[in-house]
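Asker: Below you'll find the structure I mean.
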Ligand SMILES: Cc1ncc(COP(=O)(O)OP(=O)(O)O)c(N)n1
Ligand SMILES: Cc1ncsc1CCOP(=O)(O)O
Ligand SMILES: [Mg+2]
């Protein structure tokens with residue numbers, strides 16, 4: 001099964017109980033992969049929040065990915081790591097994680113896309129498709145044309161991320177992209193389960 005189909009990236013601003021509730025509901029609604037993304041807290045808090053999400057995912061079959069930090073992923077025995085361009089190099093991360101963990105890499109430019117082909121990674125996060133208030137330090141917006149071009153040249157599964165919601169998911173799905181990753185469309189929804197179910201239905 002393609003694990004990338006509907007990929008939830010968590011919102012660091014959620015209190016931990018709401019974080020757990022959102023993840024529980026999102027999985028019930030059809031999310032296939034969950035990344036814990038913490039950009040501001042200390043490493044101990046990151047580990048605690050990762051463990052809180054892991055306890056919700058236990059027994060669901062939905063893998064847990066840690067954003068940026070290989071040490072946190074190793075500490076909680078997560079299923080994988082998502083690296084950015086200024087994080088640990090992919091080859092180092094692969095050596096530390098071993099061959100079986102999922103390893104994702106953000107690509108923000110055509111040059112990075114080209115270079116990624118020789119790296120020991122499992123998937124690419126094409127960042128960002130559209131502008132989004134969730135992350136503003138973005139190099140570019142690939143748009144639908146850029147997404148189509150990346151799909152045409154990459155041998156790796158591609159996850160589209162950035163500004164994706166119910167109203168533009170259809171056009172993204174039509175490109176045949178392997179997966180979509182979302183923060184606010186699920187984390188800010190009043191009912192994350194309904195939101196995830198609706199997104200999943202658009203993808204099917
Ligand atoms: C699935 C996925 N794709 C891209 C990103 C962005 O990663 P990065 O560029 O390292 O930025 P931060 O998320 O760390 O701010 C992602 N997290 N997940
Ligand atoms: C983490 C990340 N990486 C590129 S865009 C983004 C944020 C996506 O958030 P949203 O789904 O709310 O636009
Ligand atoms: Mg990162």
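Our numbering is plain: 1 for the first residue shown, then up by one each step along the chain.
Glycine residues also receive a Cβ, built from the backbone N, Cα and C atoms like all the rest.
Bear in mind that the values here come from a model prediction, so they are computed numbers and not experimental data.
Sharing the feature lines straight out of TrEMBL:
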- 6-186: domain 'Thiamine phosphate synthase/TenI' (DOMAIN)
- 35, 36, 37, 38, 39, 67, 106, 135: 4-amino-2-methyl-5-(diphosphooxymethyl)pyrimidine binding site (BINDING)
- 68, 87: Mg(2+) binding site (BINDING)
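Show me how these features fit into the shown structure, please.
Answerer: For the domain 'Thiamine phosphate synthase/TenI' (6-186), the mean pLDDT of the prediction comes to 98.
A sphere of 10 angstroms centred on the C-beta of residue 35 (4-amino-2-methyl-5-(diphosphooxymethyl)pyrimidine binding site) encloses 25 other C-beta atoms.
Around the Cβ of residue 87 (Mg(2+) binding site), 17 further Cβ atoms fall within 10 Å across all displayed protein chains.
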Asker: Rounded to a whole number, how many Å is the Cα of residue 39 (4-amino-2-methyl-5-(diphosphooxymethyl)pyrimidine binding site) away from the Cα of residue 68 (Mg(2+) binding site)?
Answerer: 9
Asker: Tell me the Cα distance separating residue 87 (Mg(2+) binding site) from residue 67 (4-amino-2-methyl-5-(diphosphooxymethyl)pyrimidine binding site), rounded to the nearest angstrom.
Answerer: 10
Asker: Can you check which residues sit near residue 37 (4-amino-2-methyl-5-(diphosphooxymethyl)pyrimidine binding site), meaning Cβ under 8 Å from its Cβ, same chain, 6 or more apart in sequence, and list them in order?
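Answerer: Looking at Cβ-Cβ distances below 8 Å from residue 37 (4-amino-2-methyl-5-(diphosphooxymethyl)pyrimidine binding site), excluding near sequence neighbours, one finds 9, 10, 11, 12, 67, 68, 183.
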Asker: Mind giving me a neighbour count for residue 36 (4-amino-2-methyl-5-(diphosphooxymethyl)pyrimidine binding site)? Other Cβ atoms within 10 Å of its Cβ, every protein chain shown.
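Answerer: That number is 29.
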Asker: Which binding-site residues out of 35, 38, 39, 68, 135 lie by ligand 2, going by a Cβ under 6 Å?
Answerer: 135
